[in-house]
Amino acid sequence: MSNKSVSSSVSGGGGCRTLLRLRPVDWLEEADRQLYLTAPSTGTATDCRQRRRIDFVLVYSLGVRDSALNKQRRQAFQCKLESVGFEIEEQDIVGALESKHDNGVDENNQVTANGLFNRRPSQPKQQSVKRFVRLHAPFELLLELAEKTRMKLPIEENRTPCVPKRPFDFFMSWIPFTQIDRTMFSHEQHYFLAEYDKTLRYRFEPLFDTLRGNSRDMYFTPAQRSRLVYDCLLRTPFDLTTENEEQQILHGTGDAKERRVLELEKIFTGFSTSSGIELLLRDQVYDDCYPLHAPLLKNIEPHMIPSWIMTKGEHRNTFDRMKLWWHWSRISNVFKDQPINHIKDYFGEHVALYFCWLRWYIQMLLLPCLLGLSVFFYGLWAVKHDVPTNDICHNLADTVMCPRSHRQLWRLGEDCVYAKMAFLFDNKATVAYAAIVTVWSALFLPAWDVAEYQFQYEWDTFDLIDGGYGVSGLEEPRPDFKRKVRTTRINPITGIVEQYMPARERFAKTVSSFSIVAMMYDQ
C-alpha cells in the first residue's frame, strides 16, 4: 500500500488521529482481509466474528489440456466437501499465454512428399487460467472433525501447572541478551486437555468464546484448523460410479444436519480406492493444495503498533506471525531464546518439536564447545613449557635433517610453526577432552529423550504419530498402494475397514525383488 493511498483513506475517515498511528492499523486490517472469504456469511465484513477464514486452498489449471475426467473428479470431490459442511469460494487468475499443443514441437509445420515444409496458419494462443478453490470449515464442522480425529481440546484452565524445568533454563536466565520480550510473548496459560466428545460439549463450551479473544474463530489455532481440514481431505472420496446413488440416499433423509453428519461418518468409517487429495494431486487433477500463511508486513516495527491492538487481540492472525518475525526468525535474534509455545500455536506440535530439538542440540553443544576452547587456551599457555616444542624451535633448531622425497637438506627449526600448531590441538588436556566428549555423546540422545517427553507431557501430545499426516493416529496409505491393492479387511486393532495385501502376494513380490537384486549382484 502506497503512502498516497493510505493518506486518502485516512483523510476520508474524518478523524484527527495522526498518520503514523493509523498506517499500521490499516495495513493490519488489509492483511487480515486476505485470510477470509470475500463474502461474509452474516453481518458486515468488519466484524471478525462473522468472517469466514480460508483454511485450505486447492489449485488447478483451466485450459485445453484439462480433460473431462479430471473435471468430473473435481466436481465429485468438491460436492462431497460441500455435503459435509465446507464452504467453497472460487477465484480465477489469468496467467501467461499457452498454445493448444504445448509439447515443444511446432505442429503448424508439416513435411510434404517432396521434402519441403508446408506451413499451416498458426493457431491462436490461449491465456492460462489458474482456479483457486478456497475452503472454509465452519466452527461446528471443526468440532465434528475434532471428534472424529480424537483431537484433544482445552476443557478447563490449569491454575497450578507443573511446567518441567530443564537443565539450561536456570543458566540462560542469568544471560540478559538471551531473554525474549515478555511484552510480546507473555507467559502462556495452561489448560487441561481432553478428547472432544459432543455428548460432553457443555464441558468445553465455556472456553469457546474466551480462549483466544472474543470470537469462536480464534478457538482453534491456525495449525489445528489446517490439520483438521487436511485430515478430512485425505479421506474424502471422489468415486464417480456411486455419487448419484449416494446423493439420492442422502436427500431421502429429513434434516440437513443429519445428512451432513451421516456423510461425514461415511468419510471416516467407509472405504474407497478413489479417495484422498494425495491421489488427486498425483493424477494432476489438482496442481497443488496448501493452507494460507498470515501476510508478513516487514515494514512495520513493534513500536508502530498501538497498545490497544495488543491488549484486545484484534488482527491476531497477522499479528502472531509478525511477532515471530520480529523476535524469532530475524538474524538479529540469533542469541535469543525461542518462543516455543507460540511456535507451537502457529505451526503445530511437529514443527515446534523440531525447533525444540535445535535448541536442545545447541545448548548441549555449549559444554564441548567451552571445553574445546579451554583445551585450546591451555595449549597456548603450555606451549612455552613443552620440551619437544622448545627443542624444535630453540635448542635443536640448527640440526640438519635428511632430505624429504629427493629434496635438499633442511633444518629442524623450519618445523617450529607446525610443532606449535600441533601442540595447540594435541596436548595433555586433549586426552581428558576426548574422554568427556565420549561420555557426552553417549548421554546426548537419552537426555534428549527425557527432554522430548517433558515437552510431550507439557503439550499432552503423547499420542501423536511420527511422520503422520493426520491427527487421528492412523497413517494414511500411499496413493500407489490405494490404487493397486483391491483386497480389504477389518483391522483387528481399530475395527476399521482398511486395504490389505495378502501374505501370498507379499511373498511373490518379495521373491521377485530378491531375484532381481541377486541378478544385479552377480553381474
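Keep in mind that glycine also has a Cβ here, set from the backbone N, Cα and C atoms.
Some features that TrEMBL has for this protein:
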DOMAIN    51-93  domain 'Anoctamin dimerisation'
DOMAIN    126-244  domain 'Anoctamin dimerisation'
DOMAIN    273-340  domain 'Anoctamin dimerisation'
DOMAIN    343-520  domain 'Anoctamin transmembrane'
TRANSMEM  360-381  transmembrane segment
TRANSMEM  430-448  transmembrane segment
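Remark: secondary structure over the domain 'Anoctamin dimerisation' (51-93) totals 17 helix, 15 strand, 11 coil, with classes taken from DSSP. Below 8 angstroms of C-beta separation, residues 357, 360-361, 364, 367-368, 371-372, 375 of the same chain, each at least six residues beyond the ends of the transmembrane segment (430-448), sit close to that stretch. Looking just at the domain 'Anoctamin dimerisation' (273-340), the mean pLDDT is 76. For the domain 'Anoctamin dimerisation' (126-244), the number of residues in each DSSP class (helix H, G, I; strand E, B; coil) is 46 helix, 23 strand, 50 coil.
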